[in-house]
């Protein structure tokens, strides 16, 4: 019964039953619809049916078709072979793509049962009716790499076109589809798709087809005495130019199955009931029908299609695997269902990559770590910076008794160096990541490096600002002129700043400690070309409220920097270089501020690039620490080498006072002030002003005395003889009145031209009123100078650091520099209010 028309096929079967002789068996049934109807009705006639071409899985239901057998393997027979292939290549994750046809759906459902419990996951099941592209996209979206397809040739062309568009082909994907398509099957359907032929062939390259083996590849002789190869040769010779069918070997073996079944039945009847023969069979003889059924089920022999064995009516045959290679099907292996063995022909199967595709995207997490050469280079720079800091520390300690270093607060300088070295040390900790230390150690480093950098920053700049505050307090607060600010107080200020840091850091650690977090980035292709994807991961030190804590720290450090800028501005006019670091503080704050802002911004933007981030952070710390230490110590080192005393001397202070007298304006010159007590500077200026006022008062008293002495000749002679020479001596002193020789000459010429008159003589015509109005005449000036200058010379000058009455040379303070203790007697004298 080879009719595919249901009506004609059923009519032929019923005509044979009704009008023909009693048939022992039914051989045939090609079309599934006709075969299934006939097979379902055979139980009523006790007839056994044997098909050689019906592969539909529906006929495997023995409850519905108990008398049905077939020599061709069912479509479901490929599923155990597929299972074996999946295990061979260790594919544990697959997806299915099925055309909405009962035949394919049944195979897919059976495959699900076969794979169940075999440690193979069906990650996605897709089906389609006409357009498979949507289903193909879903498979790709679910990262399905091994696709098991069930569809006909027409849909296969559409599927591979969609696969090409979605790039689901090549070394990363493996398609397994039915292998029963006709030779060059795609050529008949290529025009019905929108895919170019070359694109279709590119997507098809490497697919694996699964189908039953038409003829055995073994060279053993079959039950007919021929080998499968001899049979095929004779078959081709007899068919001539006729069309070949892949079922001819199963039809040939089917005839032998019927013959062996009848032989077994006859042997059984002869052994059990000698009076009954197979000729006695009729459609109502159920006993003989069961004998035929059992005899066929026990039939086993080697035919041209391989071992012919039935299991519950299903043929346990051989399944072949073919691969599409260079536009042709190539056999690459076969599966023997009887022995449950898979044989892959050596070097016949070709994968698009260097190895079989993975069943899913293998995600290999790769820690983005800091490059060891980069870490080594920056560590070397850090070590050089620490060596430089150590050199500055040695220089500071060795020269701590030098006036230049002593006036610049050596203990505070040591703290600045200590803060810089702590900042340098934090670089080593910032470069340690998961490639060097464990996760637990990394989490500890998150806290340690934050503490070290914070404390180092505060120590360095806190000490710098503290000693600047002392200079500010001395020069800007007059009330503190008698008070000494010791280093212990400055240490207390730095300790207070550090205490604020510790409070912030302790609260941070207790309330919201830093933890190790891992940030995962998008997958990247493997640089080596392997069929894996790299997912970069990066370690961070973070907590829940990271922004808040960083804001608190930045705000505190910012206020500290503003305080330093204020002190630098306030002390910018301090005239002693050893005390005035305002310029260098300003430069340090500027550089550190700019670099920190730039470094923080760039570090945030490059958080996914650990090498760049570490390089930026390390260079910022190295630059800030180095520039700060150099600005503090390099000028001192240069000054100490070239002119150690210049930096400890006060610059010349010039001040002027305009007197409100109509008769004269007296300019004031500059005086050198000993550096031993700079805190007394403003006090000395106030004392100087007070003494000048005192001199003015004494002038008035001297005027009265002078007027009284005009009537005493003997006094006049004594004064003239004893003090006129003193006046000439004073006028001959070098640098008198700011060292201007011109003024000395003018005054001397004036005296030469106007010799002093006899103090005892008086003009009778001059009245007392004229004497009072002529008090500023040259005669009166000469008289006053003759009395005032000796008094000033011996009494006033010691008060301003001049000549003491008991000194033969200029008096200097005990703390003055040795090179100033042997100055020649020439010195400057301030004369005011004359």
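We number each residue from 1, going along the chain as drawn.
Glycine too: its Cβ is placed from the backbone N, Cα and C atoms.
Taken from TrEMBL, the feature compositional bias 'Polar residues' applies to 666-680. If you look up TrEMBL, you'll see 374-656 marked as domain 'G-protein coupled receptors family 3 profile'. Annotation comment: TrEMBL describes 656-686 as region 'Disordered'. Annotated transmembrane segment per TrEMBL: 372-395, 415-436, 448-469, 490-511, 548-569, 589-605, 611-634, in sequence order.
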Recorded stretch, among 372-395, 415-436, 448-469, 611-634, maximising Cβ pairs under 8 Å relative to the transmembrane segment (548-569): 448-469
Beyond the flanks of the transmembrane segment (415-436) by at least 6 residues, Cβ under 8 Å: 367, 369-370, 375, 378-379, 382, 385-386, 389-390, 392-393, 396, 442, 445, 448-449, 452-453, 455-464, 491, 494, 539, 610, 614, 617-618, 621-622, 624-626, 628-629, 632
Remote residues contacting the transmembrane segment (372-395) - C-beta distance under 8 A, at least 6 residues beyond either end: 413-414, 417, 420-421, 424-425, 427-428, 431, 611, 614-615, 618-619, 622, 625-626, 629, 632-633, 637
Across the domain 'G-protein coupled receptors family 3 profile' (374-656), average pLDDT on the 0 to 100 scale: 80
